[in-house]
């Protein structure tokens, strides 16, 4: 009897034979002592953009929220269920992370759906439509520019939505206060699936730049 | 100037030099042709339990939702923002995944908080308290059982909450219909951070068992 | 007596000692037999983006128009002086070039001026304002999107104006006819001064992509 | 798929491997800080006479206008599109160049066309005929002198048209004023494609002379 997709079971056996075998002590210590990740990464669910792969992290390094299009809703203490806000609160207040990285990526299906003004809801509940409405004003502004190609519009909205999520992060009092005290730093980054390139946001200008592997400073590009 | 935590930048360079270098064509094809993951994994944000590591997946294989304690809320088409329901809808309706795996793990901070009836809210909004209230009745029942050790109570609630999430998944009409048609399979699994063991849920009994690496059948445990 | 800026005279002596010394026969043949360039490049006057340098061309290879922002005005047979249209006509009708490349570049001062809606004319004649009004509708559309950063807006307009120039090229009957006969090919490219990267336009989608030095095919980026 | 002429792509790769590799920091600084060229060169589109090659310039040194026969039209603030006047205004008023060099050359196709009184227009719009009519009175006078050989007539008109462009430059108020204040210097030069020689115009007599590489003074010739 196989109770998991066979491919996942095979992968799990590789994990045990390699990664876990190599890092047994680290896993045991992490289990005993609990996690103390320094960084929260808010990433997309996309199967091609896992932050643990892109940042080649070890277990215990990054606490990871993944939702469609790596969005952060604005602070709304309304007593509803908020998966992202709850995880954010846990990371900042309980784990006391020092960094938050909003990690977007190219060819994002959620962003594409937000730009497709003629799409029909996937369900009567239209969860995805409602979720992507978090960036609706930006999506409308970008979609209206017919001089840009569809690909250019998509990249533009992907990057705008990262800046938008960073702004919403600051609407949470705990984030705002800790950032002003210098105990929490916010970052934006955008991953290009095709080229593997990571474009990092300049916090002052909002532009996305590629880190230079040689010089460790950042050069603008588009 | 460094705009990302140095550790992540270093990790990214390793990714480019190793993983991306080895899988360039795969990344390019995934970028060109779009993602077609066969499996949705609903996992915890915990820094020690990344599904891509545990299942040793390649890019493009699994679509991943990560929230605190890998919870699925019940179907509530109320027009609010629902990060998890939106991502679920996108995976099932748009990407048409064939499998959904709810992946829990040991020593889960969210589950621990749910069992700690004397804890105070982390914030006036109390996002994490509200979020974990999704398993409140089970948490109360387990917490009341003083014959189990705290560790046993935590493991018990971790597994109950996986079964609870699987039940909520079936409250979504699209999941229910496709599962009944045999086009979608639901799975539960629980990862032991300390031993690296993956315990897989028997769909008939709800028990969690260890797949035997030699025999490929499943042995009950814990 | 020095009748040229000293730096240019020094550079000229280097040209004579090196390039001309190495290519004397080529220069003599080009003088005797006349030029037969296969490609017309329409580039910007910018001191940082000379096409002969970027394409490492030999003498005789490319016929080059340079005006501010590498613009092509629409076909207007009105009897006025048209520097760009005249040079285009000469390249296509008399030299019978096989390719036309519109070469834009990042951080273009002309495009920046077009986006700066509050700038005052440099002169009563306002030649530069009138010239950049060739892309005024696009500039207004892009300038209106305040969600993009100034740098992003500039890159967007730089690329839109390349597509715009290609469209205007096709308004010239001689270009349109020869392209349809397959005897003339139109190309767009954008040079990143900072990184040295050349982004080439996909003629079908209008997107700008980086040519891959290894594979000689083109991968989308940005 | 190749979206640029293969020869240009090959040349671009050489540029990246050699010139850009050697001057990376210069390109980055020029991108960051903007261009500050000291000299505007007005040159011909001819594929054999690129000013960056002839003057062996580095990126950022010269701002370059290229039109057929390196002509400057007279100052005409008539609200029409003027590629050359716009670029001139940008160089003088915005970049505040200190020198303007009108660079002509031998065997110029535009000048040859101006002398060929029996040629038919290349198109109904006759852009090139209209453009070259800027030197029509001189062309007629030279063409009438049957005592000179065709080659002598062509060289004569090439040099006359350089002096003519310098006169038109001075019809622009901004050029005239700055030259009189000593903040802008005008130069003429003529490049012999066959011998590689640069002939520089004596500003007082209008004669074209060869700078002596040894003695750094100028010897009359031709």
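Along the chain as shown, the residues are counted starting at 1.
From the backbone N, Cα and C atoms, a Cβ is placed for every residue, glycine too.
Just so you know, TrEMBL annotations are computer predictions that nobody has curated.
As recorded in TrEMBL:
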type	residues	note
BINDING	D:44, D:46, D:105, D:108	Zn(2+) binding site
Sequence order please: the binding-site residues D:44, D:105, D:108 that have their Cβ under 8 Å from a chain C Cβ, otherwise just none.
none
Let me know the DSSP-derived helix, strand or coil state of residue D:105 (Zn(2+) binding site), please.
strand
Note the Cβ centroid of D:44, D:46, D:105, D:108, the recorded Zn(2+) site, then list each other residue of that chain whose Cβ lies within 8 Å of it, in sequence.
D:43, D:45, D:48, D:49, D:69, D:70, D:104, D:106, D:107, D:109, D:110, D:111, D:158, D:191, D:193
CB neighbours of residue D:108 (Zn(2+) binding site) within 10 A?
26
